[in-house]
């Protein structure tokens, strides 16, 4: 069981996994690093275009609606709720991983289920926001919002918004699907047979990464 | 591969402390988000803090949040140093990436402004028309 590296062992000499983590976890880390570059490239492209534009729509003017609140101007409220949901689902995911270390099958199932619910809640929020913006006339190639200085805005704003939040939403969707698969395996007892709950950790890494990306999307689109 | 996962016995010793640190991280993330939203509102309502300062604070706080998610939730802070380095060192490319591209974007904006049709032509500073020692 002990994987600690003593003076005699060498990281790369074979026989066990480098860096004291399993192969699967290591590769998940490298995948996430490459995915970070993909998101980074998208966000930097957005920043470049925004820097190259003389003026840009004010996010507080665009994102000011809240479901059921009619035309009340509530900038940042809805997206704060979405952020809270995602942070919360990250917490339940860590608790699932933690329960996995304890090999507590019931607790893993409970926390995973809450994580899945959080994921669905986030996706529902995003679906509502997209639908709302669509009805206001915003979509790829269409931008009804004026620039902050009152001039006509280009479609860059909506194109980047829908592409980047869409790409992030796609990640959330696949995260939810992975979580459901893992939950099914937990309930079947697959990981008890295997003797460890490492799959929960690997999917957990992915799930936290989705949360991490959202932190940056939140800042870039709603705060700056 | 069966032997490469985390030793369960080692973990049981830290039941309380590890659950505690999870919730501590949660409160830190929540508080930072609330501070960000609060600052944004103060700016909207009262024009508190100039936009540049505010943006710097937002970016700083975002990086703090990213640190807590990666170090605590993703457990990278507790992995061995070499693993941390293989992840973080490639990400340093972002520093160059961000500076280079935003500088480029700003340059486009200035060129569009300066070269817009109808913009009065200032004293030419480049091109063959300028004779050495003329300016």
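In case you wondered, yes, glycine gets a Cβ from its N, Cα and C as well.
For reference, TrEMBL has these:
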type	residues	note
DOMAIN	A:1-224	domain 'Heme-copper oxidase subunit III family profile'
TRANSMEM	A:29-49	transmembrane segment
TRANSMEM	A:76-99	transmembrane segment
TRANSMEM	A:111-130	transmembrane segment
TRANSMEM	A:160-184	transmembrane segment
TRANSMEM	A:205-223	transmembrane segment
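Tertiary neighbourhood of the transmembrane segment (A:160-184): same-chain residues 35, 39, 42-43, 45-46, 49, 109, 112-113, 115-116, 119-120, 122-123, 126, 130, 133, 138-140, 199-200, 203, 206-207, 209-210, 213-214, 217, 220-221, selected by CB-CB distance under 8 Å and a gap of 6+ residues from either end.
Between the transmembrane segment (A:29-49) and the stretches A:76-99, A:111-130, A:205-223, the greatest number of Cβ pairs separated by less than 8 Å involves A:205-223.
Sequence-distant neighbours of the transmembrane segment (A:205-223) (same chain, 6+ residues past either end, Cβ-Cβ under 8 Å): 25, 28-29, 32, 35-36, 39, 43, 46-47, 59, 63, 76, 79, 82-83, 86-87, 89-90, 93-94, 115, 119, 161, 164-165, 168, 171-172, 175, 178-179.
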